[in-house]
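**Q** Sending over a structure as structure tokens; questions will come in a sec.
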Amino acid sequence: MQPIANAHAVNLSVSNPCDADHASSPINNNFKYELDSTFPSAAAPAPGHKQELTETDSLEKGIVPPYDAAQQPPIRPDQVPSTQLDVGKKPFLYNVRTHKHYITLTILLALFTDMVSYGIIIPIMPSIIEHMGGDSTKTGVLVAVYAAGLMSASPIFGTISDKMASRRLPMMIGLTGLLTSTIIFMFAKVYWLLVIARFFQGVSGGAVWTLGLALMTDSFPASEMGIQMGKSLIGHTMGLLGGPPIGGLLHDAYGERAPFYFCIAFAALVIIALGLLIEVRADEALELREFDAELRERARAKGIEYKVPVQTSLWQIITTKRMIAAVTVTTLEAFDLASLEPTLPFYLRDRFGMSEGQIGLVFIAFTMPTIVSPLAGWVSDRYGAKILCSTAVVVCGCLMLVLSIENKPLWGIILNLVGIGLATSSFIAPILGEISAVVRRTGDSSAYARAFAIFNMAFSFGMLIGPIIAGYIYQHHGFKWNCITTACILFVFVPIMIMWMGDRKQKMEDVAMYEREEEERQMMLADVKLIKAERKAAEELNAATLCQPAV
């Protein structure tokens, strides 16, 4: 059996007898020229190459000499023919659905929907609970059980999301659960059913918070993480603190079910927005996982050390000093806000005789300063979180002491609440950038959702103990001592922030580390494109060889 003459320089002319068999993917002379110049190993024998491709090999086995990266110089992305890198037509409105503003807006709406579902019943809660024969303690329990659901679900969703690499689908499932539990809450007639519905609202919130913040981290560089997180947190704060006025106004104007219809409509809107969103980063992560073995091989051929992915546990993340400080600030913010939510409506109603709608208007004082969240994030991006967070916590503690002063006029209380809202909006946005930095320093790029699960658990813990402690103190000692207790707790933890939170120098190191990792990731993605192109070229060479007539 004679070898085929010049077996490696396969004739790819469109005049081959097998053209009819391959009409769906024609191979022409232009492609042969591109292939010869791009893949020299496939077009001509390497120096010293001894292997011959026999007629039996080519026609019966359908094989061609494989591309060996160790023997050939690496192919640059600009050498690959455009036909090889074509990934097909982009989805409808691709640029809009992947735009950073669309991602930020979607997460903002998701956080708003979750927190407005939590806070919208605050002004109407006293009448609901009293109608069922309860008191302020039961009100505190109803507020706190949401936190219990959030705390229990966050690590589960975080682990699932990190394994999937996708954030969008679990978020949609969580929001569907939120919609369902809101409907149950709306029709509940007994207290225990309210507790169950509230718990599953918290479970749904665990998905929204954990995966939404992880999606933000996937989508933005470290240099602008603070400001982008600050924008999304506007939805959190507006939902948490705007929920009560919205609930009160809708209750007074349209009836007891109107607040729940509002939440259902927003949940449906966010589900649609998430359905349209395209996760570019998730698709890239899946590709890197799929081609991991090939990427290792190419790295060895180039003499480059391939970074082995690091596996980080929740315990390793949470025991980092910087993470402890971030968790502390998160818990304090939740405790500060949650201690006022079950007690302030009773205080305003008992002292000023205010209705649910009027109480809701007072809570607008909390919502007004949320616009400073992006500004706080911008400051932390440039100067680190330490100065901003520690200062804001001290200011918040001082304002709580001022709020404890008795016989203040209503306008004084409202101004005080504006200050407290301003302080809390300032010290939560930098924390999310801190958490991202902690994960980045561990080397485990797949641990972001788990880290934000820790954030959720810390926030949930503050929401869990805040209403219970505040409800007990208010019932036995009054609103004054509730405020004093909250202020003292804030002051106690300030030294931890000063000692362990990241400063300007650490922030600059975080940005530099992110840029190095991003450069490495882009190089790996370029290698993935080359691997795909080489595979496609090999398949077409095999097909052309099968069509080659025997000499």
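Any Cβ shown, glycine's included, is placed from N, Cα and C.
Residues or ranges marked as domain 'Major facilitator superfamily (MFS) profile' by TrEMBL: 103-505. Per TrEMBL, region 'Disordered' is recorded for 42-82. For 102-129, 141-160, 172-193, 258-278, 359-379, 385-403, 410-432, 452-474, 481-501, the entry in TrEMBL reads transmembrane segment.
Each of these features: where is it, how hidden is it, and who are its neighbours?
**A** Residues 96, 135-136, 138-139, 142-143, 146, 171, 175, 178, 182, 185, 191, 194, 201, 204-205, 208-209, 212-213, 215-216, 219, 228, 231-248, 250-251, 256, 259-260, 262-263, 266-267, 269-270, 273-274, 277, 341-342, 345-346, 349, 356-357, 359-360, 363 of the same chain sit 6 or more residues outside the transmembrane segment (102-129) yet have a Cβ under 8 Å from a Cβ within it.
Long-range contacts of the transmembrane segment (141-160) within the same chain: residues 118, 122, 125, 129, 170, 174, 194-195, 198-207, 209-211, 214, 314, 334, 338, 341-342, 449-454, 456-457, 459-468, 471, each at least 6 residues beyond the stretch ends and with a Cβ under 8 Å from a Cβ of the stretch.
Within its own chain, the transmembrane segment (172-193) has Cβ neighbours under 8 Å at 110, 113-114, 117, 121, 129, 132, 134, 138, 157, 200-201, 203-208, 211, 257, 260, 263-264, 267-268, 270-271, 274-275, counting only residues six or more beyond its boundaries.
For the transmembrane segment (258-278), same-chain residues at least 6 beyond its ends with a Cβ under 8 Å from one of its own Cβ atoms are 91, 93-94, 97-98, 102-103, 105-106, 109-110, 112-113, 116-117, 120-121, 124, 168, 171-172, 175-176, 178-179, 182-183, 185-186, 246-247, 250-251.
Sequence-remote contacts of a segment are chain residues at least 6 beyond its ends whose Cβ falls under 8 Å from one of its Cβ atoms, and for the transmembrane segment (359-379) they are 122-123, 225-231, 233-234, 237-238, 241-242, 244-249, 337, 344-345, 348-349, 388, 392, 410, 413-415, 417-418, 420-422, 425-430, 433.
Counting only same-chain residues 6+ beyond the ends of the transmembrane segment (385-403), those with a CB under 8 A from a CB of the stretch are 326, 329, 332, 336, 376, 379, 413, 416-417, 419-420, 423-424, 426-427, 430-431, 433-434, 483-484, 486-488, 490-491, 493-494, 497-498, 501-503, 507.
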**Q** Do any residues, 6 or more residues outside the transmembrane segment (481-501), come within under 8 Å Cβ-to-Cβ of it, and if so which ones?
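**A** Result: 321-322, 324-326, 328-329, 332, 335-336, 339, 343, 384-386, 389-390, 393-394, 396-398, 400-401, 403-404, 434, 469-470, 473-474.
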**Q** Counting only residues 6 or more past its boundaries, what in the same chain has a CB within less than 8 Å of a CB in the transmembrane segment (410-432)?
**A** 213, 216, 225-226, 229-230, 233, 236-237, 241, 326, 329-330, 333, 336-337, 340, 348, 352, 362-363, 365-370, 372-374, 376-377, 379-380, 384-385, 388-389, 392-393, 395-396, 399-400, 402-403, 452, 455
**Q** Quickly jot the same-chain residues contacting the transmembrane segment (452-474) by Cβ under 8 Å, restricted to those at least six beyond its ends, or write none.
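**A** Contacts of the transmembrane segment (452-474) (Cβ under 8 Å, skipping residues fewer than 6 from its ends): 136-137, 139-141, 143-144, 146-148, 150-151, 154-155, 157-159, 202, 205-206, 209-210, 213-214, 217, 314, 317-318, 323, 326-328, 330-343, 346-347, 431-432, 435, 481-482, 485-486.
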